[in-house]
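Straight from TrEMBL, the features:
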type    : residues       : note
DOMAIN  : 7-101          : domain 'Pyrroline-5-carboxylate reductase catalytic N-terminal'
BINDING : 59             : NADPH binding site
BINDING : 72, 73, 74, 75 : NADP(+) binding site
DOMAIN  : 164-266        : domain 'Pyrroline-5-carboxylate reductase dimerisation'
């Protein structure tokens with residue numbers, strides 16, 4: 001299936017699905033006229049219409065008008081949505097679920113046998129096309145569907161295929177990890193404010209510092225420990241600052257945070 005032939009549907013028109021759609025549009029992957037979104041009310045649909053996308057209040061219409069369908073509802077709502085759309089799902093559909101905690105096994109049980117289904121876990125920066133996404137494929141999805149999804153979503157950030165067991169880890173690392181980074185940025189900026197810098201300037205510099213450090217990691221491929229060491233000079237400012245972070249057990253605390261969020265994601269999958 002070529003991207004130019006795709007008709008893309010979103011069941012659920014919230015912030016995350018809107019971010020994915022904007023990525024597809026900005027990259028020219030799919031024309032707006034080939035995108036349709038559904039939602040129970042008009043609250044989120046206005047922005048889609050302003051972008052030239054089609055909208056509806058009928059989930060079944062999305063299935064009838066689309067070949068690639070993203071299920072972007074709340075997890076507790078998804079089983080009911082799957083029951084509703086099941087009669088309309090055919091062999092020509094590729095179904096991608098964004099619902100946290102809903103396994104491929106559950107998706108395959110609630111959809112017709114042989115449905116080409118994949119499970120995608122994005123993170124919030126997808127809304128500015130700088131996300132980190134992982135996906136796993138069900139038994140009915142082949143290399144073609146995986147390649148299509150990866151190609152399309154590369155416009156929204158990093159997109160990697162993984163075993164399904166990694167998806168909960170990704171939630172703890174990257175889905176929740178965005179909040180850890182915001183907390184760290186806030187603390188950096190507040191430190192600068194304490195030393196006399198205006199808050200707005202401190203926040204902008206903290207954000208750019210994180211962006212630049214991340215870009216260096218991605219572009220150099222160097223281990224973060226190597227890059228950290230490159231910043232340190234004997235007796236300099238950086239090693240003094242790092243010493244304070246080590247005394248505060250930053251490394252162990254962050255590792256514990258990733259573990260706790262991953263464990264919670266695993267618990268949610270069992271509920």
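Just so it is clear, glycine is given a Cβ too, placed from its N, Cα and C backbone atoms.
Here the CA atom of the residue listed as 'NADPH binding site' lies 11 Å from the CA atom of residue 72 (NADP(+) binding site).
Looking at residue 74 (NADP(+) binding site) and residue 59 (NADPH binding site), their Cα atoms lie 14 Å from each other. Within 10 Å of the Cβ of residue 59 (NADPH binding site) there are 23 other Cβ atoms, across all protein chains.
Taking the Cα atom of each, residue 59 (NADPH binding site) and residue 73 (NADP(+) binding site) are about 11 angstrom apart. Sequence-distant neighbours of residue 75 (NADP(+) binding site) (same chain, 6+ residues apart, CB-CB distance under 8 A): 99, 100, 101, 102, 268. The Cβ of residue 73 (NADP(+) binding site) lies under 8 Å from the Cβ of 11, 12, 81, 99, each of these being in the same chain and 6 or more residues away along the sequence. The NADP(+) site is defined by 72, 73, 74, 75, and by the 8 Å test on Cβ atoms against their centroid, the other residues of the chain that qualify are 12, 71, 76, 77, 78, 81, 98, 99.
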